[in-house]
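Contents: one structure, followed by commentary.
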Amino acid sequence: MDEFDFINKLKSSCHFHQDVKVGIGDDAAVYKTSEHTHQVVCVDTMVEGVHFLKHVSTPEEIGYKALAVNISDIAAMGAIPLYYLVSIAIPSSWKEQELLNLYQGMKELANEYEMDLLGGDTVSTADKLVVTVTVIGEVNANVQTLRSNARDGDIVFVTGNVGDSSAGLALLLEHVTLNNKSHKEYLIQRHKRPTPRVKEGQFIAKLERASLNDISDGLASELNEISEASQLGITINEADLPISEALLELGTSHELNKWVLFGGEDFELVGTTSQESWEKLRNECEDQSISVTKIGTVTSDHSSVRMVTKDHNTITLEKSGYNHFKR
Ligand SMILES: Nc1ncnc2c1ncn2[C@@H]1O[C@H](COP(=O)(O)OP(=O)(O)O)[C@@H](O)[C@H]1O
Ligand SMILES: Cc1ncc(C[n+]2csc(CCOP(=O)(O)OP(=O)(O)O)c2C)c(N)n1
Ligand SMILES: [Mg+2]
Ligand SMILES: [Mg+2]
Ligand SMILES: [Mg+2]
């Protein structure tokens, strides 16, 4: 079974309610609530052993990340987060204080965005902890930063740096080592405490048109989602990819590409917009010391995602990032 094929089979061609503006297939669903604003809702689950390990992350860190990954999907819709609900399936290996600490980790981030916890559900499970967070947000009625919004000639951009999170995980799992303590800590923090790019999403939402996706499964996978949804090709340049000093120190070029292109969980925003809007975005972000980098262009001459390597070869980037069931 393939995760993406399965989800495609769940899509319906119409909705009972006309107010549904975006259904299955983007980072969050959007439905009309008033003339001027729409509501945005998403849900992501984190499973012990699949998304986190109890012996490398504290309950606070796990809670923080469970909320952060959802706020990231809200940010990718150009929306702001308002409320959250938490469903939790608890095995006997988790004690009450650990669970309260997990909620404290969520609260820490919720306070930053002034989000209210509205409810949830509590059940038992045999073996592994499962945390499911739903976030409800709000977006300006005329904003649609959909994956399908790319156009021929667009600039492809990404916020922040890519690859840090999966390198941080490799460090946590002791698959690799790094002597520089501050670089090591930086990469691990990027894995455990990703920053949802809400402010960046707000800047992008002000552009005339933009496609947008957050990076959960890996840069190559998210670019393929934009390419598929927009039915256009994307070409990125390896030399332009924003890579942190810490990651450069850690990786040989083979490992670097694995982390940067296919690693996932960066929770940066990747998108496309017109040349004119890109100039505007770049200037605004520069004024606010926000990191956003041009990494490529959208093309109509093919329908795949390609990368021009540093030695000037063009390779196809398959949608082969993180795929549940295809491990
Ligand atoms: N089991 C499911 N039932 C219905 N919709 C789903 C299911 N799993 C995922 N989706 C929908 O498919 C789309 C893609 O999901 P996903 O790849 O998890 O997005 P993201 O990577 O942005 O979190 C979203 O619109 C999501 O709501
Ligand atoms: C123990 C462990 N192994 C592997 C990973 C890496 N990992 C787990 S899920 C995932 C992809 C993102 O999760 P997903 O549920 O697909 O999020 P979504 O795309 O729905 O936002 C990655 C890279 C991890 N975080 N922890
Ligand atoms: Mg997403
Ligand atoms: Mg999801
Ligand atoms: Mg997600």
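Even glycines carry a Cβ here, placed using N, Cα and C.
Noted in TrEMBL for the protein shown:
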BINDING   Asp27, Asp73, Asp214  Mg(2+) 3 binding site
BINDING   Asp27, Asp73  Mg(2+) 4 binding site
BINDING   Asp44, Asp73  Mg(2+) 2 binding site
BINDING   Asp44, Asp121  Mg(2+) 1 binding site
BINDING   His51, Glu265, Tyr322  substrate binding site
BINDING   Tyr103, Gly120, Asp121, Arg147, Ser216  ATP binding site
BINDING   Asp217  Mg(2+) 5 binding site
DOMAIN    25-139  domain 'PurM-like N-terminal'
DOMAIN    151-304  domain 'PurM-like C-terminal'
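Features recorded in TrEMBL, as mapped to the structure shown.
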residue: Asp27; record: Mg(2+) 3 binding site; Cβ contacts under 8 Å, 6 or more apart: Cys42, Ser72, Asp73, Ile74, Ala76, Met77, Arg147, Leu212, Asn213, Asp214
residue: Asp44; record: Mg(2+) 2 binding site; Cβ contacts under 8 Å, 6 or more apart: Ala66, Val69, Asn70, Asp73, Thr132, Val133, Ser216
residue: His51; record: substrate binding site; Cβ contacts under 8 Å, 6 or more apart: Thr45, Lys65
residue: Tyr103; record: ATP binding site; Cβ contacts under 8 Å, 6 or more apart: Gly63, Val86, Leu117
residue: Gly120; record: ATP binding site; Cβ contacts under 8 Å, 6 or more apart: Leu85, Val86, Ser87, Ile88
residue: Asp217; record: Mg(2+) 5 binding site; Cβ contacts under 8 Å, 6 or more apart: Gly264, Gly321, Tyr322, Asn323
residue: Glu265; record: substrate binding site; Cβ contacts under 8 Å, 6 or more apart: Val69, Ser165, Ser166, Leu169, His191, Pro194, Ile215, Ser216, Tyr322
- Where does the residue listed as 'Mg(2+) 5 binding site' sit in DSSP terms: helix, strand, or coil? coil
- Query: Under DSSP, is Asp44 (Mg(2+) 2 binding site) helix, strand or coil?
  - Reply: strand
- Message: I'd like to verify something. Among the binding-site residues Asp44, Tyr103, Arg147, Asp217, Tyr322, which ones have a C-beta closer than 6 angstroms to some atom of ligand 3?
- Response: none
- In which DSSP state, out of helix, strand and coil, do we find Gly120 (ATP binding site)? strand
- Can you list which of these binding-site residues (Asp27, Tyr103, Gly120, Asp121, Arg147, Asp214) have a Cβ closer than 6 Å to ligand 2? none
- Quick one: of Asp73, Asp121, Asp214, which of the binding-site residues has the smallest count of other CB atoms within 10 A? Asp121
- So which binding-site residues out of Asp27, Asp44, His51, Asp121, Asp214, Asp217 are up against ligand 4, CB under 6 A? Asp44
